[in-house]
Amino acid sequence: MNNKVPNNKAWLLVLPMLVLVAFSAIIPLMTVVNYSVQDVLGPNASFFTGTEWFKTMLNDEALQAAFLRQISFSLIILAIQIPLGIGIALIMPKRGWQASAVLILITLPLLIPWNVVGSIWQIFTRGDIGLMGWGLRELGISYNITGDASDAWVTIVLMDVWHWTPLVAMLCYSGLRSIPEAYYQAARIDRASKWAVFRYIQLPKLTNVLVIAVLLRFMHSFMIYAEPFVLTGGGPGSSTTFLSQSLATMAIGQQDLGPSAAFSLIYFLVILLVSWVFYTTIMHMQKDKPPHGGA
Amino acid sequence: MSYQLENTQRGEKYNTIFSKVSSTKRRNRTARAHWRSRILLGLYLALMILPIYWLINMSLQTNSEILGSMTLWPQNLTFDNYIGIFTNSSWYMGYVNSMLYVAMNMLITICVALPAAYAFSRYTFIGDKHLFFWLLTNLMAPPAVFLLPYFQLYYSVGLFDTHIAVALAHCLFNIPLAIWILEGFMSSVPKEIDETAYIDGYSFPRFFVKIFIPMIRSGIGVTLFFLFMFSWVELLLARTLTATDAQPIGMIMTRTSTASGIDWGTLAAAGVLTIIPGILVVYFVRNHIAKGFALGRT
């Protein structure tokens, strides 16, 4: 459907949305920009600092460490969730009541409030009352998320895989469903192996949804806050403190308006930059898509 | 979409004919592969359910049983934790508050997103691509960035600690998401339908409400599901913008940890109750949800 009509009156249809989003995006963002270049000492006492806060934030070692943790976290969960999601989508039943039942079950973790996800895993991994913590202890494996940094990391990654793999699986499942049965028949006539079917029929059809999956997973994992906050509180030490938590502590806890505003802008810009790369990739792919592909 | 459905059905018919032709040996092999994939799927689902099962298990026990011994299922089944929540207004009002702002957000979002998505799917206008990209950037804004400005903004306009404040704040990511999904669904409706309706003398509002909206019913259903999902699970903004009158359930749950320890039973029961609305919503859209996850674009 690429035959859109040029019509500037369409702005009228967009306007109500624009007003609302502007209210909740532009005004607050302007406040952040405003704070990021000032030192606010009191209600009427503030002076212009220019780029000083930005320099301070970029050179802050605690934040650099949080940034590195954040990047490694996002890469680890993407490396696990994308292949696992594809795998699950491939073995999900395609029709009948089983398909509906599996769909509902698989979506379940996505619909749990994020802090409850944290609580569930906190309970589940506790050594005294949690099934996993207790089970590991009975097996003689030392496991303590409040004391051991690597245990905490493994648990957070596991929790995120549990929480978000369903999203990747659902996206891939919908991509797989759009493949016409005729393609598989052609493959069967050619006696194509399972791997060949996956590599030359299923995977190409999945690229579109996989870009969306990677984009959404990257974004959400980069903003992760509630789950690790409830599960480990960022600890032990600061080994699982990610960017959002550092920012919330700085902005709300310590009320450092200027530095936290500068930090906010840098944080936002990093996500924007990565997302822009993805967006142009999607647009580029849609341009190259052959005219017969997908309805 | 209907074309596609027809296509798959026809495909299935060919498929059955085809499998009758193929040899029994091949059929055995596919049957074995089929069972293997079922077992793998079952294993994944079991592992996935386990943490949730543990939460339900704990919600049906008394605190002394939880702390006293390791029991894989409740020995003395008790519903006291649930009764405690349902009879205490400071507890159940948390659910009412959460539901209220989620419902408000869904209503506001769908009302402004429908016309906007139509504009993006049917027309080109000055700055449309930039506007769309700007919308998507809002989807990418970390809520933590907006904590402080939101607090100050809603406080200064006197909306702090109201349901509408949270509903408006969640518009930040829900409106772009709704437009993204709806645009996908709308673009798969042939443009000829619009043109025929205009030739038949329909005005735009009448065409939109009487013809177009019923055509993308499933798309709207799925969009509402996603709006529910993202507004229901978000806590950081909801928590910052409320104090007592509109406090979400997620925040009230933190009250279970007191000086005398954590009230595990109540915490677990409250957690279980936050999962139930999601199950109900997903049940209603189960047939369209897969297409919705691909943002209407498959």
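The count begins at 1 with the first shown residue.
Note that Cβ sites are derived from N, Cα and C of the backbone, with glycine treated the same way.
Taken from TrEMBL, the feature transmembrane segment applies to A:12-33 (among others).
Among the features that TrEMBL reports, domain 'ABC transmembrane type-1' is placed at A:67-278.
As annotated by TrEMBL, transmembrane segment applies to A:67-90 (among others). Remote same-chain residues near the transmembrane segment (A:67-90) are listed as 106, 156-157, 160-161, 164-173, 175-176, 198, 202, 206, 210, 213-214, 217-218, 221-222, 224, 239-243 (criterion: CB distance under 8 Å, separation of at least six residues from the stretch ends).
Among the features that TrEMBL reports, transmembrane segment is placed at A:102-124 (among others). For the transmembrane segment (A:102-124), the list of distant contacts is 88, 92-93, 130-133, 155, 158-159, 162-164, 166-167, 169-170, 173, 225-231: same-chain residues at least six beyond its ends, Cβ to Cβ under 8 Å.
Sequence-distant contacts of the transmembrane segment (A:152-176) (same chain, six or more residues past either end, CB-CB distance under 8 Å): 73, 76-77, 80-82, 84-86, 88-90, 92, 103, 106-110, 112, 117-118, 121, 125, 145-146, 202, 205-206, 208-210, 212-213, 216-217, 220-221, 224, 227-228, 231-232, 235-236, 239-240. What TrEMBL lists as transmembrane segment is A:152-176 (among others).
The transmembrane segment annotation in TrEMBL covers A:197-219 (among others).
TrEMBL lists A:260-279 (among others) with the feature transmembrane segment. Outside the transmembrane segment (A:260-279), and at least 6 residues removed from its termini, the chain residues within Cβ reach (under 8 Å) are 32-36, 53-54, 56-58, 63, 211, 214-215, 218-219, 222-223, 243, 246-247, 250-251, 254.
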Looking only at residues six or more beyond either end of the transmembrane segment (A:197-219), which have a C-beta under 8 A from one in the stretch? 74, 77-78, 81-82, 85-86, 90, 164, 167-168, 171-172, 174-176, 178-179, 183-184, 187, 271, 274-275, 278, 281-282, 285, 294
